[in-house]
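Peer 1: Following this message is one structure expressed as structure tokens.
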Amino acid sequence: MTGWSCLVTGAGGFLGQRIVRLLVEEKELKEIRVLDKAFRPELREEFSKLQNKTKLTVLEGDILDEPFLKRACQDVSVVIHTACIIDVFGVTHRESIMNVNVKGTQLLLEACVQASVPVFIYTSTLEVAGPNSYKEIIQNGHEEEPLENTWPAPYPYSKKLAEKAVLAANGWTLKNGGTLYTCALRPMYIYGEGGPFLSASINEALNNNGILSSVGKFSTVNPVYVGNVAWAHILALRALRDPKKAPSVQGQFYYISDDTPHQSYDNLNYILSKEFGLCLDSRWSLPLALMYWIGFLLEVVSFLLSPVYSYQPPFNRHTVTLSNSVFTFSYKKAQRDLAYKPLYSWEEAKQKTVEWVGSLVDRHKETLKSKTQ
């Protein structure tokens, strides 16, 4: 156990940063390697300040670059793989998503075998399980239910294939004769300071007289705070490195939620921003069934125009379903196998996130002020 090291891919991202901040507190960790395509200068500076007893090495490169991955994995004890393209709206080209999310994961697994890395933790997503229909209700779902996303949309499809590859790699023989142990974590919708979807919703509202656009008023979900998802990764690596706990965790996937109240996406955005005068759109909205079929018609238009023009619909059947389903999950299995319990309460998570939303509001005010001067 002495002098181990950890590689975190996607370490410049929303979740990856939080994992790194928790990792530096781990005992006997000699080095953290943070990998991403590029790191913002301010994040590089923050990472440099985290260094105390633990060396922190910044690696910039492509997840599809095999020699780069092999170098990154050399002498590493644990890989936490969070790097991926997240695109629920279909903005990014399908081939790019499949390459990064699926091929990149496969190349990283192969690099682990060559470098004899014994532990691999994959950040999956709730979307590999669905929802497949807004009419299907899943409340307090669990890992024993045979749920699988059937949408052809590239993001959930790529994450599903990548997760299958990671779990199938459990038990592979490493170059040094050891064994690779893997597991996957499926977090709910993640919110918190720096959250890209929440940030987009808040900034859009600030430019729309403080009115929050409806993104999912018919949904019931259990969002999870980013700090708790990061904590689950720490517990997963501890479990896979513990000879007593590892057998029950190897090759398994876990839903990661916390004690955030079950609610709609719209309500979450409102709760986190109402202190600053933001409000929900009170205008009449279309019935869900009609929105679904309009989404279908927009898909048809996009398909018909595709030979001459790339039309990106504002929504489609998949996004309508994703944003308006009753789809909640329990973290009991993670509690049992990983000794997971949320590090942050709902009240703590809410307070931290609201403070961050306040910083977005202040920045918006400063921007308006500078434009009028």
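Cβ atoms here come from the backbone N, Cα and C positions, even for glycine.
Here the structure is a predicted model, which means the values were calculated and not measured.
Sharing the record's features from Swiss-Prot:
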type	residues	note
ACT_SITE	Lys159	active site, proton donor
BINDING	Gly10, Ala11, Gly12, Gly13, Phe14, Leu15, Tyr155, Lys159	NADP(+) binding site
TRANSMEM	288-308	transmembrane segment
Peer 1: Residues with Cβ closer than 8 Å to the Cβ of Gly12 (NADP(+) binding site), same chain and 6+ apart in sequence?
Peer 2: Val34, Asp36, Lys37, Ala38, Phe39, Arg40, Leu43
Peer 1: Please report the three-state DSSP label of Gly13 (NADP(+) binding site).
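Peer 2: Going by the DSSP assignment, Gly13 (NADP(+) binding site) belongs to neither helix nor strand, so it counts as coil.
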Peer 1: Whose Cβ, among the binding-site residues Phe14, Tyr155, has more other Cβ atoms within 10 Å than any of the rest?
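Peer 2: By the 10 Å Cβ neighbour count, Tyr155 comes out on top.
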Peer 1: Over the residue list Gly10, Ala11, Gly12, Gly13, Phe14, Leu15, Tyr155, Lys159, recorded for NADP(+), what is the maximum interresidue Cα distance in Å?
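Peer 2: Binding-site diameter by Cα atoms for NADP(+): 20 Å.
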Peer 1: Please identify, from the binding-site residues Ala11, Leu15, the residue with the sparsest Cβ neighbourhood, meaning fewest other Cβ atoms within 10 angstroms.
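Peer 2: If we count Cβ atoms within 10 Å for the binding-site residues Ala11, Leu15, the smallest count is at Leu15.
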